[in-house]
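Listed in Swiss-Prot for this protein:
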{"type": "ACT_SITE", "residues": "D81", "note": "active site"}
{"type": "ACT_SITE", "residues": "E141", "note": "active site, proton acceptor"}
{"type": "BINDING", "residues": "H79, D110, E170", "note": "Zn(2+) 1 binding site"}
{"type": "BINDING", "residues": "D110, E142, H355", "note": "Zn(2+) 2 binding site"}
Amino acid sequence: MDALEITQKLISYPTITPKECGIFEYIKSLFPTFKTLECGENGVKNLFLYRIFNPPKEHTEEKHAKESVKPLHFCFAGHIDVVPPGNHWQSDPFKPIIKEGFLYGRGAQDMKGGVGAFLSASLNFNPKTPFMLSVLLTSDEEGPGIFGTRLMLEKLKEKDLLPHMAIVAEPTCEKILGDSIKIGRRGSINGKLILKGTQGHVAYPQKCQNPIDALASVLPLISGVHLDDGDEYFDPSKLVITNLHAGLGANNVTPASVEIIFNARHSLKTTKESLKEYLEKVLKNAPHTLELESSSSPFITASHSKLASVLKENILKTCHTTPLLNTKGGTSDARFFSAHGIEVVEFGVINDRIHAIDERVSLKELELLEKVFLGVLENLSEK
């Protein structure tokens, strides 16, 4: 089965996060020679398929768990859940159609196209040396992500089945297939700042302490500020205000407080602690409360790593383009792999229609992506 056929089947399952809708039974049926592990909580389901090719005669699974020298273990990872499709589609979002060289359907780009490509590549892979191949899929990536990939990796750690390397098939490309590989991601810190004052009548300002006056002085030091200068792969860390509220809606009452909600997408150079230190310094003369919560940590895989190098080689060979290595965009499940010390990168189709009405993927992209993934497997098994 090729990537197109598998992707069409995957799209036909209405797996709006965190629903799995039986899609894992279909995927398992494609891999009768692979062993399976499944886990999940709170309506989330996760699937791990794995096979050790060409194990030494004395090899057993028990020995695999104990021996210090193991076959290289490579994992393809992704999610089968999708965001709600919304209205105004030209066709049923869960009945895939092909039109003018594109496959239409919810998840075509994010990320059932990528999953279809790596499932097809895995089916066509036949190494001649000892090699361990696995597939990790979750129904909880578009949602909170608490019981998805993170949970499955913890289970794999308990069983000593963590991979050495992984590719997460997120739609990373911008204009043409092969133009972008994510070798890391920025971290994300959420914050709430409350500037405190004294509510009162606008006609008696001497009896009020208007927190908006304090806001006016500190706002230029908070809104849009660069927290560091970034580096070759990370943009400068930046604080962005997402919501600001003050007052009762009356024109003759000064507010008792101003609430500011913000987010900081940050590189390895900025931490929650350094952000707190900066903000407390800026706010030292303003009565306030400050809450910070890190929702994800930044990470990076070395640009010269074996995995990144092999992937670049196959993109150049198949797509005839040299990819840009970067960390742009939001968070992804790749961060959970990195937290376990796993060499991880992200690569997939173009992302111009993700989460959009009439989401689609080019048929040519699916064909080329499958070839890239198969080439990566073949090269890794040879080295």
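Backbone N, Cα and C define each Cβ position, glycine as well.
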> Once H79, D110, E170 are set aside, which residues in the chain still have Cβ within 8 Å of the Cβ centroid of the Zn(2+) 1 site?
Replying inline: G78, M111, G114, E141, E142, V168, A169, P171, S332, G348, I354
>> Using a 10 Å cut-off between Cα atoms, which of these recorded positions sit near H355 (Zn(2+) 2 binding site): H79, D81, E141, E170?
In response: none
> Expressed to the nearest Å, what is the distance separating the residue listed as 'active site, proton acceptor' and H79 (Zn(2+) 1 binding site) at their Cα atoms?
Replying inline: 6
>> Looking at the binding-site residues listed here (D110, E142, E170), whose Cα lies nearest to that of D81 (active site)?
In response: E142
>> If I take the alpha carbons of D110 (Zn(2+) 1 binding site) and E142 (Zn(2+) 2 binding site), what is the distance between them in whole Å?
In response: 10
>> For H79, H355, listed as binding-site residues, tell me which one has the smallest number of other Cβ atoms within 10 Å.
In response: H355
> Which ones in the same chain are close to E170 (Zn(2+) 1 binding site), with CB under 8 Å and 6+ residues apart in sequence?
Replying inline: G78, D110, M111, G114, K182, S332, A334, E346, F347, G348
